[in-house]
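Per TrEMBL, the features are:
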type	residues	note
DOMAIN	A:31-61	domain '4Fe-4S ferredoxin-type'
REGION	A:119-148	region 'Disordered'
COMPBIAS	A:119-128	compositional bias 'Low complexity'
DOMAIN	A:156-187	domain '4Fe-4S ferredoxin-type'
DOMAIN	A:188-217	domain '4Fe-4S ferredoxin-type'
TRANSMEM	A:318-338	transmembrane segment
Amino acid sequence: MSGREDPGHLLYGPQPDVAGAAGYPDAPPRVGFFTDTSVCIGCKACEVACKEWNAVPEDGLRLTGMSYDNTGGLGADTWRHVAFIEQRKPLGGQEPGVWHENAENAEDTDVFAAAARLGTDAAPGPGTTTPPPDRAPEGTPAGQISPVAPDGRTELRWLMSSDVCKHCTHAACLDVCPTGALFRTEFGTVVVQEDVCNGCGYCVPACPYGVIDQRRDDGRAWKCTLCYDRLGAGMEPACAKACPTDSIQFGPLAELRERAAARVARLHAAGVTDARLYGESPDDGVGGDGAFFLLLDEPEVYGLPPDPVVTTRDLPGMWRHAALAAVSLAALAVGGFVRRPR
Amino acid sequence: MIEPDETRGAEAARDAVTGERAGRRRRRRGRGEQPMVPDAAFSSYYGRPVLNEPTWRALDIAGYLYLGGLAGASSLLAAGAEATGRPALGRPAKLGAAGAISLSLAALVHDLGRPARFLNMLRVFKPTSPMSVGSWLLAGYAPLTVAAAAADVAGRYRLPGSAATAAAAVLGPAVATYTAVLVADTAVPSWHEGYRELPFVFAGSGATAAAGLALVAAPVGEAGPARRMAVLGAALELGAFQVMKRRMGLAAEPFEQGRAHRLLRVAEVLTSGGAALAALSGRPRDRRSAAVAGAALLGGSAALRFAVFHAGVASARDPKYTVVPQRERLRARSADG
């Protein structure tokens, strides 16, 4: 389709110099987030730090009753959201159970050395009862978490992931914004100017990830700014700063991509075959995300779209069809007048 | 952000994610039509939507889609009436165009989160934003319709009035069809997937609405073009809609469920019935059947716009319509190598 082979890659496709394409001649390197969910502990420090730094208002103190996630999802007043998923599935390569050889002489155990070994041992240890990751052990009722192993141990894993605005290479919210309130910063991120936004709401259904939303009492659209104010002062965003496990890593995107590739390779070598990167490829439907992830399951399990495409990829085709339809309408009207009534 | 009613739904679906087939599979109460695509198993995050639901109010935005179509096509009727010497057809068409577009502008401003900042719409011109293009289009079109109507009513300034009528007729078809791009240029599955056919649906729907208004307001003797426009418009609207639904795949399903489904049936009955009645209402003394046909066409066009609006919102609300087609796309791509 001709609309997809946009020569300048303004609407679709890889765009290595996103700030340059937006009109910054000497832009600093593009920055972003690499969120490594394999080390996320679900502490929600990122959510709190984000709210604190950006003065994002409170948006309900309710319990969802579905998990430890009482935030629900990204929106106008939630710019970081920690997803929490409980699965009947062991982590690859891990030794199930809590039994330790040296448990009784605790002073002999170097816990830091033990922790450093975690997840690096490809072969499951002797006596392990870990079944293949995608097969439930025998005797497990479908869809339930239950003690399954002969020794009564439970096969279970918790997935936690801190979601955020993806700061897409081709950002639909920015493309469709009629006022120019949404703009591309010199860092390659996407930010709403709150003094320009008139609350038309167009960016809300345009976002393929369900990130940006309208603040009801305020009327304007809000989302993560990747702490534009902090970036300008040479500081890292509040969420990355607060993350105690470095699950949220901030830095130049090129460096983050290298780091992420190495991390996936390391996890695969350690037997965590579920590990995969999401949003990192410049060849995907949005030209790659400025904030990408290492996930341990399919993206939709975390509430992320498996293959998002920026809607404006098809915009040239849309305008062509609308022009044809407009001509058809005019022809139809002319047709009505051609025959004079008898 | 969690609304209280969302919480309840999440609770009902909370067991869904732990199993292998973690999709939410709702049983719908709807009777009659079979789903076009079999229910697919899919994973989701506790059945929660992937997309954020459009914040647009149905009355404002669906109403705007309708009024924009009514105005744009009315401008065509007005210019045709002027060119062929049908003043009694021209006047309601001109007044209709000016009235409808003024109302629609009011609806658009009302729907803004910050109505006082509506002029920011003209702060930039962005071809990538259908709303920006539309704002500039309306900024040119609305004054023309008002000038055309004012000159007609005043009975003076005939030359500028004719020029305004003609210019409005040039912009009118764009006003009627760009709104399809406006809704299609989103991630909402049931809007985006119809981007090829939706402009034609809206063109037909605008034609039936304008023809309906003319049939209600113009004398039978001059309403011949409106009658033919009604038939042609109904054929375009309903035909393009069928093609669209067939090509949309899973995203067509929301058109056959709930409120969108009911509105769509109403639209089909009113539009086809109104067009048929319009075709038969050509006899000089048949004023009443022309008025009934016109009212049916106006109602049918409105019902169609609201159906499209609600189907889109429903498709954004259910993760199925986002996840399943994307999953299939990935599967097809990996099968290709």
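Every residue, even glycine, has its Cβ placed from backbone N, Cα and C.
All annotation found in TrEMBL is predicted automatically rather than curated by experts.
Mean pLDDT for the domain '4Fe-4S ferredoxin-type' (A:156-187) in this predicted model: 96. Per DSSP, the domain '4Fe-4S ferredoxin-type' (A:156-187) is made up of 5 helix, 12 strand, 15 coil. When the domain '4Fe-4S ferredoxin-type' (A:31-61) is classified with DSSP, helix, strand and coil residues number 13 helix, 6 strand, 12 coil.
Summarised by DSSP class, the composition of the domain '4Fe-4S ferredoxin-type' (A:188-217) is 4 helix, 5 strand, 21 coil.
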